[in-house]
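Student: As listed in TrEMBL for this protein:
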COILED    502-529  coiled coil
DOMAIN    6-380  domain 'Cation/H+ exchanger transmembrane'
DOMAIN    477-562  domain 'Sodium/hydrogen exchanger regulatory region'
REGION    583-687  region 'Disordered'
TRANSMEM  6-25  transmembrane segment
TRANSMEM  37-54  transmembrane segment
TRANSMEM  66-89  transmembrane segment
TRANSMEM  101-122  transmembrane segment
TRANSMEM  134-154  transmembrane segment
TRANSMEM  166-196  transmembrane segment
TRANSMEM  216-239  transmembrane segment
TRANSMEM  260-282  transmembrane segment
TRANSMEM  288-314  transmembrane segment
TRANSMEM  326-345  transmembrane segment
TRANSMEM  357-380  transmembrane segment
Amino acid sequence: SVSSIVPESCLLIVVGLLVGGLIKGVGEKPPVLKSDIFFLFLLPPIILDAGYFLPLRPFTENLGTILIFAVVGTLWNAFFLGGLMYAVCQLSGPGLNHIGLLANLLFGSIISAVDPVAVLAVFEEIHINELLHILVFGESLLNDAVTVVLYHLFEEFASFEQVTILDIILGFLSFFVVSLGGVLVGVIYGVIAAFTSRFTSHIRVIEPLFVFLYSYMAYLSAELFHLSGIMALIAAGVVMRPYVEANISHKSHTTIKYFLKMWSSVSETLIFIFLGVSTVAGHHYWNWTFVISTLFFCLIARVLGVLVLTWFINKFRIVKLTAKDQFIIAYGGLRGAIAFSLGYLLDYEHFSMRDMFLTAIITVIFFTVFVQGMTIRPLVDLLAVKKKQETKRSINEEIHTQFLDHLLTGIEDICGHYGHHHWKDKLNRFNKKYVKKCLIAGERSKEPQLIAFYHKMEMKQAIELVESGGIGKIPSAVSTVSIQNINPQTLPLERVIPALSKDKEEEIRKILRTNLQKTRQRLRSYNRHTLVADPYEEAWNQMLLRRQKARQLEQKMNNYLTVPAHRVDSPTMSRARIGSDPLAYEPKEDSENLPIITIDPASPQSPESVDLMSEEPKGCSGLPPSPEEDEEGLVMRVKEPSSPGTDDVFTPGASDSPSSQRMLRCLSDPGPRPEPEEGEPFIPKGQ
């Protein structure tokens, strides 16, 4: 219950304080955290663990933001804090006015850097989202170069009688030498480690040893030439990991993973305990003005730096940093044991107020770790900051990620804008074409990325099944490739495999079939029942349904009502219609009881009184059809003579009813011919 409120780093410092007090109470001298022990033995495992398992994609995507915070932000904090502390020392009286500008700038460079150990200890417990975690943690890793340069620069300047402009220019150039030199040393040792792991297939036991050995050699080589050892360790871990994991066995990979985690945890525990012990054992000089001013100006400098830099960064970022993000970045600037160890390294000859510097540094460390570290979790919950979601990567996600990378690269090429997607694609092509062939042994150097990722997923799944005791429940989707990976077989040396054989193509197809069909099962929660209801959605649906029904009804009516209804046709029009299709009005053979009307369409002497007003299909007159008419279809009847004195055209008759008019429209132009399966024609022929 205590660890859910108080961070583990705070508890360890309290344990160190109790142990140091107990040792001092017994009469012995408590041990102090010496800088050599810290920098040579305790710090490298933590940085190697962070660099080897660094989430590379979010780190590279936010590299510009991280560098601005790490370089410009640290420089701003150092000079702002150093200048203000120099002003405080000059204004506070005889107790502090002997501290010069260089000493205050050196103190500002020590206390301004964010500590990676403290950030890791706190941020991993609150499970902050990946963007904020990589911004604060990446800043704490990369600001080491600035801290090392400023520390050694001001330490050297303190021994000079006069500092010239040339010294300042050389000090500025030394920043690039320290940072880029550390990265170069790490890359060289990373490539050597990857190349060495290519030839360790017969001696799997010593594979983890090469990873630790070359990483530690990179750190020592960088520190030997006063370069950034932290940058060298990060570069070595990032470079060697993809090639080493492709060459070593799975047991070696597990050994590296758990040994690094265990080693970094032990180092972190010892660092915080020694901080507590050193607080009790060290010599302190307390000055209220200096200590309180240091604490206040540290917080002010951090807040102002984050606000100004974020305002500038958001002009170029697609995903903007919100006010909540800025608050967490500013509040997460924790100080730790690196500042204490750098302060402990100061020489009494040039810095007579070293004890006061150490007291102020310990006060700032305790305030950031205890106050900020304990309150950041409830503040994250109060502000509803997005938490980290633990999700397993899937084949579907990998395919879409690669697809979007290729798509954005193509868009940049078309636009002529060479952004980071373009250079990332160039680097991947160079890596695939040349580097992999040199650093990865066997056919795995030619293996497509999708199959390599699928092998890794299946291996992880098989191990989880074995550990859980469910080996009998292995799903059918697990192919024989994973079984071969669990028990690898030795391949003949002369075996030559093309870049992408038919077997590989079939394997890719099988991967896609077995995994992409599961998307509906994985995304089952995203359905229309779980979405937020739209109040206007029901009205729109009803309106669309009414429109659709009206359109269907109009289309049906247009099939039959293409010509508007006419009044009674004149004899000339009747003759013309019959002449156009005389066969349609032939009398039926079996209609013996009906009079047969013979019309000569070409003869002008045809009786004017004969027309087709009485043509009706069966059932259209409103009466039920007789059995005799059931098989006859249309019949022709003689028109009843009209009464004298009436007009056939303008006088409405029995034939002017709506049903009669509809029938007239049907006979005048029946519309498009119906499909064969829809029914018989209106006037069946040949009966």
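The backbone N, Cα and C atoms fix where each Cβ goes, and this holds for glycine too.
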Student: Looking only at the coiled coil (502-529), what is the model's average confidence as pLDDT?
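Tutor: Averaging the confidence scores along the coiled coil (502-529) gives 61.
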Student: Near the transmembrane segment (134-154), which residues from the same chain, at least 6 beyond its ends, have a CB less than 8 A from one of its CBs?
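Tutor: The answer is 47, 50-51, 55, 58-59, 62-63, 65-67, 69-71, 73-75, 78, 102, 105-106, 109-110, 112-116, 119-120, 123, 171, 174-175, 178-179, 182, 226, 228-231, 234, 328-329, 332-333, 338, 342.
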Student: Name the range, of those listed as 66-89, 288-314, 357-380, that has the largest tally of Cβ pairs under 8 Å with the transmembrane segment (6-25).
Tutor: 357-380
Student: Short question: which residues 6 or more past the ends of the transmembrane segment (101-122) have a Cβ under 8 Å from it?
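Tutor: Residues 7-9, 43, 46-47, 50, 74, 77-83, 85-86, 89, 136-137, 139-141, 143-144, 146-147, 150-151, 154-155, 157-158, 230, 268, 271-272, 294, 298, 301, 332-339, 342-343, 346, 351, 353, 357, 360-361, 364-365, 368-369, 373, 376.
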Student: Where else in the chain does the transmembrane segment (66-89) make close Cβ contacts, counting only residues six or more beyond its ends and a cut-off under 8 Å?
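Tutor: Non-local partners: 59, 96-97, 99-101, 104-109, 111-114, 134-135, 138-139, 141-143, 146-147, 150, 289-290, 293-294, 297-298, 301-302, 304-306, 309, 312-313, 329.
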Student: How about long-range neighbours of the transmembrane segment (37-54): same chain, 6 or more residues beyond its ends, C-beta under 8 Å?
Tutor: 116-117, 120, 137, 141, 211-212, 215-216, 219-220, 223, 229-230, 233-238, 240-241, 256-257, 260-261, 263-264, 266-268, 270-271, 274, 337-338, 341
Student: Quick one: find which recorded stretch in 260-282, 288-314, 357-380 has the most Cβ pairs under 8 Å with the transmembrane segment (326-345).
Tutor: 357-380
Student: Give the nonlocal contacts of the transmembrane segment (357-380) in its own chain as ranges (CB under 8 Å, at least six residues past its ends).
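Tutor: Cβ under 8 Å, 6 or more out: 5-7, 9-10, 13, 107, 110-111, 118, 121-122, 125-126, 128, 275, 279, 282-287, 290-291, 294-295, 298, 327-328, 331-337, 339-340, 343-344, 346, 351, 387.
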Student: Grab the same-chain neighbours of the transmembrane segment (288-314) for me: Cβ-Cβ under 8 Å, and only residues 6 or more beyond its ends, written as numbers and ranges.
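Tutor: Long-range Cβ neighbours of the transmembrane segment (288-314): 64-65, 68-69, 72-73, 76-77, 80-81, 84-85, 88-89, 92, 95-96, 107, 111-112, 320-321, 325-326, 329-330, 333, 335, 356, 359-360, 363-364, 367.
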